[in-house]
Amino acid sequence: MQQLGGEECLVPRPRGSLPKACAIGLASVVMVAILVLEPEGFFRHVSTAILILTVGPLLHGVFLLSEECLHHATTRYRGRRLGQMVTACVGVCTLLGVGLAVLLFVLTKPQLWRDQWSMVILACVLYPLLKTLGVLGPSEVEVSEICETRKMNVAHGLAWSFHLGYLNLVLPRLEGSITAFRASHNAGPFETRGSRKLLILLPLNANITHTLEDEDTNIHFHDNLPDTEIDRAGVRGRVYKHSVYTVLDKDKQAHHCVVEYATPLLTLYKMSQESSAGFGERDRREQVLLFYRTLQDILDRSVECRNRYRLILLNDEHEDDPHYLSNAILKNLDQQEKEEFYVPPFIPQPEVDHPFHALPIIDDWHRAEPMSRVPTIMISHDMPRTLREPVENSEDLSP
């Protein structure tokens, strides 16, 4: 493993609207072509196509509605709420499409031939059959997009649980724990600002070891931070604990930091080992990347956790390096020291009643004067002077 130089090269971005744009472009070109080549049958073709594409999903929704009404009305809908079941089975967009098709038929009154009506009926009847058999089912990309858009992935739930159930509780108290730890130890760990953050490791293969020393011989357990006790879910004084590790660089210089793995990745790894979970290695890697992206977005918006953590995504393609983990941690600490800087808090200065007495005198002619917010009028005691050249003889003014 190694720390990724740029996580954006592996972390998937949210899917865009390119398929929608392609569909709109292709439909526009075809409709314009039909309008130019066959203008008298344009509305007939459009209304027929919309009718086929909307009545089929409507019939499929009716079949789904019958299943929900007969077997799931009480357990899934808390009673027979027909409106909620209709919306869940049919969908508003499908109803609007059928209404549009009917409106076009009423306005244009197209004369369909008998074979065209047969084609319309056959297509509407075959659609529910092919949909039920999975021929017209959503692809993996469509399912993935729906899950990501609606926040239905396993990674979304794990990321929110990790944040609300753990990080949001311990990160605001981390600085106090480190301060108490330094006060109780004579040595001087946590000398750098970067080491005062919680370093969270996220390996892509989700294979987490319970002791970091087994992964890298340059990492040694130092001590535990003082326990954080929080009343949580009926448990009085539930204990939350962090471990301090000593990381040795190539010069055997010690660096202290608080490091731990993201424990929800253990769940993903265990799920991939259970056949009943239906969770393969490819799904596990995708969920780890989504977990990283979701957790990063959550923590970026959290005021309580800001500047108190560091997510380190580890690649699993270079496991031959025995010191991959220590190098990743040291590289992260060094990166923080070079890229981040400390902004001291603004302390307002008290106003001075007589600012001119506190100003230093530069010389006899110049004084440093403060900027004034009140407009003043500068009055000169010298006589006014003309801008013209002085006239020596009044006769020069005569023509």
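Cβ atoms here come from the backbone N, Cα and C positions, even for glycine.
Residues annotated as domain 'STING transmembrane' in TrEMBL: 46-151. The domain 'STING ligand-binding' annotation in TrEMBL covers 153-337. What TrEMBL lists as transmembrane segment is 21-37, 43-65, 85-105.
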Same-chain residue ranges lying at least 6 outside the transmembrane segment (85-105) that approach it to Cβ under 8 Å
43, 46-47, 50-51, 53-55, 57-58, 61-62, 64-65, 68-69, 73, 77
Go ahead and report the DSSP secondary structure tallies for the domain 'STING transmembrane' (46-151): helix first, then strand, then coil.
87 helix, 0 strand, 19 coil
Roughly where does the domain 'STING ligand-binding' (153-337) sit in mean pLDDT, to the nearest integer?
87
